[in-house]
Each structure stands twice: as C-alpha cells, then as structure tokens.
Amino acid sequence: FTEQAYLNYAMYVIMDRALPHISDGLKPVQRRIVYAMSELGLKSSGKPKKSARTVGDVLGKYHPHGDLACYEAMVLMAQPFSYRYPLIEGQGNWGSPDDPKSFAAMRYTEAKLSAYSELLLSELGQGTSEWQDNFDGSLKEPITLPARVPNILLNGTTGIAVGMATDIPPHNLREVVKGTIALIRNPQTSDEKLAEYIPAPDLPTKAEIITPPEELLKIQTTGRGSYRMRAVYTIEKNEIVITELPYQVSGSKVITQIADQMQAKKLPLVVDVRDESDH
C-alpha cells in the first residue's frame with residue numbers, strides 16, 4: 001500500500017502540480033488562473049477587477065487549494081521582473097525586484113489579462129484543446145491552452161517535483177518564432193543552425209550574459225549547465241552607476257557585498273555606496 005500511495009502522490013505532483021505542460025508552458029494553477037480570468041471577461045482591453053475575485057473563482061471552480069498559494073502564482077505572472085512576457089497586467093503593489101514577495105493583499109490589488117496572454121487563449125473553444133471535468137464534475141476546464149507560441153521557451157519555468165525538477169530560462173519572442181518557423185520548414189535543422197536563430201536566453205532584466213557561445217550551445221543541446229550574467233553600469237563623473245542587475249539578483253544584496261568588500265579594503269577607490277533605485 002505504501003509503495004502505491006507514494007507512487008500516486010509522486011505522479012500527482014509531477015503531472016498536476018509542480019511541473020508545466022510543454023504545450024502551453026503552464027502549471028495547472030497558472031492555467032486555471034488565466035482561464036478563470038478569461039471567463040470573468042478580464043481581457044487586456046477591458047477594466048481590471050479585484051484580485052480576490054479571480055482567486056475566489058479559481059478556488060471555487062477549478063483549484064481547491066490554499067488561497068495564498070494561488071495568489072502568489074498570480075502575482076508572479078504579473079511581475080515584469082519575474083516574467084519576460086507577463087500574462088497578467090496588475091494595478092497596485094505587486095512587489096519589487098528587491099523583495100518580490102512584498103506585494104499587497106489580494107483585496108487591495110486589481111488585475112486583468114495582458115495582451116500577450118491572448119496568444120495562449122485566442123483559439124480556445126475551436127476544437128484545439130481537450131477538456132476535462134473540474135474537481136466536482138460541475139464544470140469543464142481545458143487540459144492545456146491552445147498556445148500560438150512556445151510559451152515554455154518564452155517565459156521559461158522553474159519546478160521541483162518528486163524525483164525530478166526543471167529550470168528553463170526565458171527567451172526572446174522574435175528569436176523563438178524565427179527558430180520555430182525554420183524548424184517547421186525543415187524538421188532536420190541542426191542544433192547549430194537553430195542556435196543562430198536563438199543564440200541565448202533573454203532575461204527580463206537587461207544584464208549581460210557573458211557565457212561564451214560554445215558553452216551556451218552545449219547548454220541548449222544537453223539541457224544541463226548554467227550561464228553567467230554581469231550587471232550593466234555607466235560612468236557619470238566620479239560615480240559608477242549600476243543600471244541593470246542580473247535576473248533574480250537583489251539590489252540590497254549587491255550593496256551589502258560591495259560594502260563588505262569596502263570594509264575589507266579591497267575597493268580602495270570606492271568611498272561610498274548608495275541605493276538610488278526608484279522601487
């Protein structure tokens with residue numbers, strides 16, 4: 001019994017919770033949020049509604065789990081520093097790069113779908129997706145969304161399941177579409193040729209990727225490895241101004257590290273460090 005129970009739990013976490021589906025790049029909770037918002041009429045051209053309304057619909061109709069976990073998934077899809085192409089357009093306090101979890105409660109924020117999300121939803125109901133019953137059999141929900149673009153590459157994803165995990169970085173829309181067209185025209189396109197269309201990940205921040213192209217190609221072909229990023233800076237009179245930080249790097253943490261280096265006398269020409277960011 002124990003073996004079967006663990007296997008069932010592992011398969012549930014892998015298939016229905018922690019990992020995204022390759023067809024639309026969404027985890028079940030993300031898909032249910034986007035679908036519920038479309039059913040509420042929260043299109044990019046319309047007015048936003050309270051986030052609590054969306055969370056309530058998602059929990060009541062499709063996703064019987066905790067409200068905070070659902071809201072956090074919703075917030076993540078609205079943060080431009082977390083998603084390369086946000087699926088949700090939020091109004092109010094949705095967190096900052098220094099503290100992504102400093103967002104306001106769902107009763108204060110408002111949200112609607114972004115224009116990008118239409119690429120995932122526009123062909124829904126045209127026989128493009130399979131449907132399944134919701135948890136109590138009273139409604140139908142799509143198993144996947146009919147994405148017109150490979151969202152799993154565009155926005156990337158991170159997921160930790162039972163015995164497996166995934167971490168895919170985001171990529172540029174134009175580059176991925178060009179690569180997709182090339183692959184459709186010639187399914188035998190080599191990895192090297194495909195890398196000409198999609199040379200590297202494209203992160204939400206504008207920091208520089210300094211990993212050599214040959215290493216990036218190896219990462220793309222094997223699915224394993226890591227890449228290095230460097231902050232972007234400018235020189236203004238006697239000041240070094242950092243304008244872009246690497247993806248998911250906290251500005252306050254960088255300031256602390258610089259201060260530690262100054263205290264250790266390793267940066268003799270630096271006399272002060274300040275945070276003048278506007279978030």
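The backbone N, Cα and C atoms fix where each Cβ goes, and this holds for glycine too.
According to TrEMBL, the protein has these features:
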- Tyr108: active site, O-(5'-phospho-DNA)-tyrosine intermediate (ACT_SITE)
- 19-279: domain 'Topo IIA-type catalytic' (DOMAIN)
Kindly state the mean pLDDT of the domain 'Topo IIA-type catalytic' (19-279) in the predicted structure.
93
Three states by DSSP: which one describes Tyr108 (active site, O-(5'-phospho-DNA)-tyrosine intermediate)?
coil
